[in-house]
Amino acid sequence: MSPDSKKLFNIIILGVSFMFIFTAFQTCGNIAQTVITNLNNTDFHGSGYTSMAIIYGVFSASNLISPSVVAIVGPQLSMVVSGIFYSLYIAVFIQPATWSFYTASVFIGIAAAVLWTAQGNCLTVNSNENTIGRNSGVFWALLQSSLFFGNLYIYFAWQGKTRISESDRRTVFIALTVISLVGTVLFFLIRKQEDTKAPGEENSANEILGDSSSAQNKMARAVAAFKKSIKLSFTKEILLLSVTTAYTGLELTFFSGVYGTCIGAVNRFGSEEKSLIGLSGIFIGVGEIVGGGVFGLLSKNNRFGRNPVVMLGIIVHFIAFYLIFFNMPNDAPIAPMEGTDDVAYMIPSKEVAIFCSFLLGLGDSCFNTQLLSILGFLYSEDSAPAFAIFKFVQSICAAVAYFYSNYFLLQWQLLIMVVVGFFGTITFFAVEWEAAAALVTRGSDYSSI
């Protein structure tokens, strides 16, 4: 197998592993608040929104140290251990207790930071400036396939149910735990970094994350990774991209947790309101896969770079927000267990709700594939710290969004995303124009990015 084939093999295995883990985790997140609402008349008194706020809050703080952890442990083992913690979090729902639920939320926040830092390094080390766009798209399409499978099961299993029984809950979460463990095991198939580098190819990612039996060298790499994270945090490019990244954190919270809860709370959807949560997740996944495939796999034919894709993403999201505002009751995100009988500016339409799910997924893929691409391109030699900063900003904004989702009506949540999304698009354009100018100076072809 040629070096390029090995690198593509690694990207595919990375994507498939994440697909299994996030089939479990994203399905869990999509139905968590609905399941918990059905538990709140028992001894369990947790909140899905609060759990996610804890996860993303700890996630954001842990990104400060995750490059150092990956430097010491190595990216492959880091992803394996992190995957185990994801499985434990999902397993908590089999027999939920308030203390174990929130404790697991803390640990998965730490694991997520390590997992995504290692993922960013693995993606970058197995790419170059000509393949980073393709590889980002391949990874993103595989990852977001996770939204399809778990939610397809939820749609059929919960068809016609207005209340989720204990048996229904246990069956779903036992299956999701096993699926997550399968994805974790698949990380062992990824070839080690030195096997995927072409002869003579060197970069500082290897210096930070390379193998060494010396504890002193590992500690030196850990310190170097931490210093690089701090240094990169204050560069102009990172500060500008942080606004775009902040938007992805806000809309991640909305489509992965809040929107499904809104659909499940609309009583006018009748007996289908719970199964529609699964169908919504499926169409979010379809949008993600379409976006990842089109804007990743076809990136080499794009003569205009990343900006048109991001512009499409914000337009698609604005259309989705407009339709959701007209279709969903304003109190849907914070409705009680009995749901809401309120009506917005139109009679709630299942077709419009599901179409908006597709638009949310498509727009999200536009932003994330291009952010992964531009970070891998700009920071090919500092991939672990750069991706740690990316996840730090994204996760802290997701944590804030999950916190205010407990209290804010739908219209205010949509308004926040519109404002941040508008400015995030402008700042991305500024960074992309500088990247294009740098490529021209180097004599490279802009369409290759």
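Glycine is no exception: its Cβ is also placed from the backbone N, Cα and C atoms.
These come from TrEMBL:
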type	residues	note
TRANSMEM	7-26	transmembrane segment
TRANSMEM	46-65	transmembrane segment
TRANSMEM	77-94	transmembrane segment
TRANSMEM	100-118	transmembrane segment
TRANSMEM	138-158	transmembrane segment
TRANSMEM	170-190	transmembrane segment
TRANSMEM	238-256	transmembrane segment
TRANSMEM	276-297	transmembrane segment
TRANSMEM	309-328	transmembrane segment
TRANSMEM	386-404	transmembrane segment
TRANSMEM	410-431	transmembrane segment
Exercise. Are there 3 or more C-beta pairs under 8 Å linking the transmembrane segment (238-256) with the transmembrane segment (170-190), counting only pairs at least 6 apart in sequence?
Worked result: no
For this session: Using a Cβ-Cβ cut-off of under 8 Å, list the residues of the same chain that are 6+ residues beyond the ends of the transmembrane segment (77-94) and lie near it.
Result: 17, 21, 24-25, 28, 32, 35, 69-70, 100-101, 104-105, 107-108, 110-112, 114-115, 117-119, 122, 169-170, 173-174, 176-177, 180-181, 183-184, 187-188
Problem set entry | Range from 100-118, 238-256, 276-297, 309-328, 386-404 with the greatest count of C-beta pairs under 8 A to the transmembrane segment (138-158) | 276-297
Exercise. For the transmembrane segment (100-118), which partner among 238-256, 276-297, 309-328, 386-404 gives the most CB pairs under 8 Å?
Worked result: 386-404
